[in-house]
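Pulled from TrEMBL:
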ACT_SITE  H76  active site
ACT_SITE  N149  active site
COMPBIAS  1-13  compositional bias 'Polar residues'
COMPBIAS  14-28  compositional bias 'Basic and acidic residues'
DOMAIN    29-417  domain 'Catalase core'
REGION    1-33  region 'Disordered'
Amino acid sequence: MNQENKVNGNSKNKQLDPFRSDDRDKHLTTNQGLKVSEDEFSLKVGSRGPTLMEDFHFREKMTHFDHERIPERVVHARGYGAHGEFELYESMKPYTKAKFLQNPGTKVPVFTRISTVAGSKGSFDIPRDVRGFATKFYTEEGNFDLVGNNMPVFFIQDAIKFPDFIHAVKPEPDTGYPQAASAHDTFWDFIANNQESAHMVMWLMSDRAIPRSLRMMEGFGVHTFRFVNDEGKAHFVKFHWKPKLGIHSAVWDEAQKINGKNPDFNRQDIHESIENGDYPEWELGVQIVPEEDEFKFDFDVLDPTKIWPEEDVPVKIIGKMTLNRNVDNVFAETEQVAFHPGSVVPGIDFSNDPLLQGRLFSYTDTQLIRLGGPNFHELPINRPVCPFHNNQRDGYGRQTINIGKSSYHNNSIANNTPSPASVEEGGYEHYQEKVEGRKIQARSESFKDHFSQATMFWNSMSDVEKQHIQDAFSFELGMVNNKHIRQQVVDMIAHIHLGLAQKVADNVGVQQPLTGGSDVSKSSPALSQMNTIYKPDTLKIAVVLDEGFNDLEVETVIQGLKEHQTYPTVISSKLGRIKGENGMELEATATFDTGDPVLFDALYVVGGKNSSKDFTKKTSYMVQETFKHFKPIGATGKGINILRENGITEEPGVITGDQVGNFITTFIDAVAAQRHWNRNV
Ligand code: HDE
C-alpha cells in the first residue's frame, strides 16, 4: 500500500529512502552488478556431470545464504517494529533543555520495537512474560532511546544479577525447555532466593503479562532518569506510555490457545492495524520529582523495584506517539535496530539506579556480537537524522568514507576539528552531581523493603484481577517439580498477602504458611486495569452464518458494527460466498478451522435457515469458548436458538435482539466493555 503520504516531512523516512531497493521489474544480477542469465541450474560438465567451482554466481548466492543469520538478542529476541512520530503537547522547558521537548507541536520521527523477553525469536506471541517497549526518537540533537518495558518495575536491583536472572528464566540448560515460559523450576528457584523480585512477580502474575494487543498496553521507562534544564537544575523523572485504547489483556486459557492457533497473533494485529490506518497511539507521561524531595518517600527513588504511585506523583501527559508505518524489511529494520538506554540528548541524564548504571554498559557490548562490529550505528535504521562527526575509524563493514588525513584530536592539520561543542553550542554535559563515598559492594539499606509495594499492588487489584493472580501463581508453581521450591515461593508470598499464599499453597500441594501477612493497607487505583479506557474501536468480531441467513438483518448489523470502528469477519463452514434468504451474498473469509473464537474479541451468531448439525455443533463450540473467556456475544434470528441451546441467553454480555437498531447499540456497548466478568462460568 502507498504509505508515502503518511510520512511526508518525516526526516527519518527521507533518510531511509535511498537505502530502499525495489527489485521488481529488474534484471537479476550478481552483487557485482553482472546480469545473470541462469538462476535454476548450476554450471555442470554435461547435464548429468559434476558442478564446477567456476560457477561464481552459484558460489556467491550460496555463500550469502549460508551467512544470512545473526545471533538473536540474548533477551527480547522476538520483536515487532514500526515507524512513527512523536508530537509534543506541552513544553517541558522548566525541567529539561531537550530540544524536542521545548515547543508544543514539535514532531520527531520515532521507531518502536515491542518484544517478549524470554522466548527465542521463533517462539509465540502471548507467553506469560514482560513486554519490551523500546522507542528511538530521532531528534535534531541525536538519538534518544527510551528502552522500557510494559511493567514499571524490575526483578532485580543491581545489574550484576542480570545474567543470573536471565539464566534462570531461559530454558533449563540440561533439557533445553521450556521455551518462552517462566513456569519452571529454575525461574522460581531464582525468585525464592532473590526476594527483591517480589513486586515484579506480582506484575508478572497479573493480567499485564498477557496483553491482548500490543496496542493496548502501557510502557514505562522503569528507572528514574533526570531532566536538566538550561539553568543546569535537575529534576528526577519517570517516563510512562499510556495507550489511547486502554489496557486490555487476554485470559490465560485463551492466551495459551492463541499461541497454538496463531503464534503471531499480537504482531499480526498491530501490523494490520497500521495497514488499515488504525494507527496505534500512546501518550507520553512524565512523573517529576524535584531533587530536594529525593528522600521524602518511604522508598528509594533509585530503586527499580519501586513505583512512584500515580496518586502521590501525578503523571503529566506531555505528548503523543503514533505508529504509522510498518517496516519494509523486518531484518533490515526490526532486527538490526540497536537500542541503548545510554543514547540521550542534552537535558536528559541518568540517575544512580544501579540497574540503569549497569545497562549503560551492556547495550553497546551486546550489539558488538549481535551486529558483528563497531559500525552498527551506520546501519540505516540506527543512523541519527542529524550529522555525526568524530575520529572513530575503520572496523568491519565500515560505510562512511572519511576524507582528509586527520583522525585524531588535538590536531592542527584540520584546524583541530571535529571539535567538541560548548554547552551553548549544544555539547552534552553530564549533570554535575556531587557524589562521595567509599567503594563498597552492598545493597543500600533503603533498598531492603521488598514487600510493601508488592502488597500495595495486590491491594489495588479488583477481585477478578486478584483471582487471576492467584490462578497464575497456582499454574506457574504447579509446573515446578521441586516441592521445596514451591514451598519457598509460597512462604515468600506470605509476606505479600497471607490469604493469597494459603490458597496457592493448597493448590500446589505444599504447607499453608501460618504466619506472615502485611500491614500495608495502601492501594493505588491507577494500577488496576479495570479503571482503564473502554472503546469498541478496532475490535474484531466473528460473524457466524450459514446458507439462508437473514440477509437484510445481517447487512444492517454488519454496517452498524463497521460504523463503530469494529472489524466484522464472516465465518462459515467453508470459504467463499454464502447466500442469504433474499439472495444477498456475503463472503466468508474464515472457516471454523481457521477462525477460532480465541482470535476474536466478540462473537455475533446469525446461523442460517436450515443449518446442518455440524454447523450448529461448531457454532456452539464458538459460543462456549467466547463465553468462557468472558467476551461479548450477540445473536439475532436463528442465532438466538443456538445461544438458547447453550443455555446462556440471560448471562451478562450476551445480547439477543429482534429489533436490529436496539441490538446494534446494546451489542456495541457490550463489545466496548470487552470482558463480562460476572458470568456464571
Ligand atoms: Fe535490557 N537488554 N537489560 N532491560 N532490554 C537488552 O540489548 C540488560 C532491562 C530492554 O527491542 C539487550 O540489544 C541488562 C530493563 C528492552 O532491541 C541487552 C539489564 C529494561 C530490550 C540487555 C537489563 C530493559 C532490551 C539484549 C539489567 C526495562 C529490547 C539485546 C541491568 C527498563 C530492545 C539488546 C530491542 C534488550 C541488557 C534490564 C528493556 C543484553 C544488563 C530494566 C526493551 O543489552
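Placement of Cβ uses the backbone N, Cα and C atoms for every residue, glycine included.
Sequence-distant neighbours of N149 (active site) (same chain, six or more apart, CB under 8 Å from its CB) are V117, V130, R131, G132, F133, G219, F220, V222, listed in sequence order. Residues of the compositional bias 'Basic and acidic residues' (14-28) grouped by DSSP class, helix first, strand second and coil last, total 6 helix, 0 strand, 9 coil. Applying an 8 A CB threshold to same-chain residues 6+ apart, the list for H76 (active site) reads S115, T116, V117, G132, A134. As a whole-number mean, the pLDDT of the domain 'Catalase core' (29-417) in this prediction is 98. Annotation note: H76 (active site) sits in a coil segment as assigned by DSSP.
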